[in-house]
Amino acid sequence: SRENFIHLCNPHLEKMKEDILYHFALGTGTHDFPALFGDVKFVCVGGSPSRMKAFTAYIAEELELGRPGCDYPNICEGTDRYTMYKHGMGIPSISIMLHELIKLLYHAKCSNVTIIRIGTSGGIGLEPGSVVITRQSVDATFKPQFEQVILGKTVARNTNLDEQLAKELMECSKEINQFNTVIGNTMCTLDFYEGQGRLDGAICLYTEEEKLQYLKEAYDSGVRNIEMESSVFAAMCNFSGVKGAVVCVTLLNRLEGDQISSPHDVIVEYEQRPQKLVGYFIKKRLGKV
């Protein structure tokens with residue numbers, strides 16, 4: 001098959017003697033990117049350092065890439081900004097990480113790369129613990145776009161995700177057959193409280209009825225979960241020619257409340273579901289299932 005290399009939409013990078021990935025503590029002048037990362041085919045990103053560390057150990061065991069129980073070094077330890085590949089919470093944080101991650105993959109001459117965001121979300125009309133594979137990310141007005149102000153002008157970018165990849169992940173979930181999984185739209189907001197229609201923030205000037213009406217409108221438009229990173233993730237994957245997917249478990253049904261009520265051990269098991277699905281997907285792609 002034709003090798004699909006990373007595409008960088010930035011002619012200025014060609015003129016730079018050295019490219020320093022500041023937030024990863026890596027640079028083309030100090031590190032051999034093709035030797036370190038040239039064989040990478042799958043990249044998994046998530047918001048929580050502890051969850052991503054657990055995923056590293058899980059996937060290493062699943063793919064037999066090391067001794068059980070051994071520790072894996074954090075190659076970003078020269079910076080306090082990121083853990084490989086923990087992106088923090090919200091669009092600004094994941095956006096910074098993705099700019100540098102995409103440049104890293106480009107400098108390493110990686111090809112046929114699949115990037116998957118695994119995480120948690122609030123569900124709409126789904127049983128807690130359901131996994132949502134994102135069809136397209138939509139904004140808080142349910143439009144499939146990511147808006148950003150660049151040089152004083154508002155620019156809107158497409159947020160569709162790879163349809164074939166979503167179907168492949170859905171097929172994997174059916175084969176695992178351990179938890180409810182759906183393909184649906186994901187609403188990406190700029191805020192955790194008012195922006196998601198919660199009633200429990202420091203400020204709230206709308207009624208419970210208005211909140212429920214909004215969430216039902218979201219559901220009717222195809223939205224099945226809410227988080228804070230998927231729109232810029234989808235937009236940047238599209239620009240770079242990378243196949244991307246978002247796989248998030250729902251920790252609660254927002255039609256029934258705003259605060260998570262499940263016990264801690266139940267939440268931990270929920271959080272493992274996207275990891276199990278993506279782990280199985282990678283194993284299947286590599287012919288290890």
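Glycine too: its Cβ is placed from the backbone N, Cα and C atoms.
The annotation domain 'Nucleoside phosphorylase' is assigned in TrEMBL to 41-282. On the 0 to 100 pLDDT scale, the domain 'Nucleoside phosphorylase' (41-282) averages 93 in this prediction.
Sequence-distant contacts of Thr120 (phosphate binding site), defined by Cβ-Cβ distance under 8 angstroms and a gap of at least six in the same chain, are Gly47, Glu227, Cys248, Val249, Thr250, Leu251, Tyr270, Glu271. Taken from TrEMBL, the feature phosphate binding site applies to Arg81, Arg117, Ile118, Gly119, Thr120.
In this view, Arg198 (substrate binding site) is surrounded by 18 other Cβ atoms within 10 Å of its Cβ, with every protein chain counted. Look at TrEMBL and you will find Gln196, Arg198 tagged as substrate binding site.
Reported as a whole number, the C-alpha separation between Gln196 (substrate binding site) and Gly119 (phosphate binding site) equals 17 Å.
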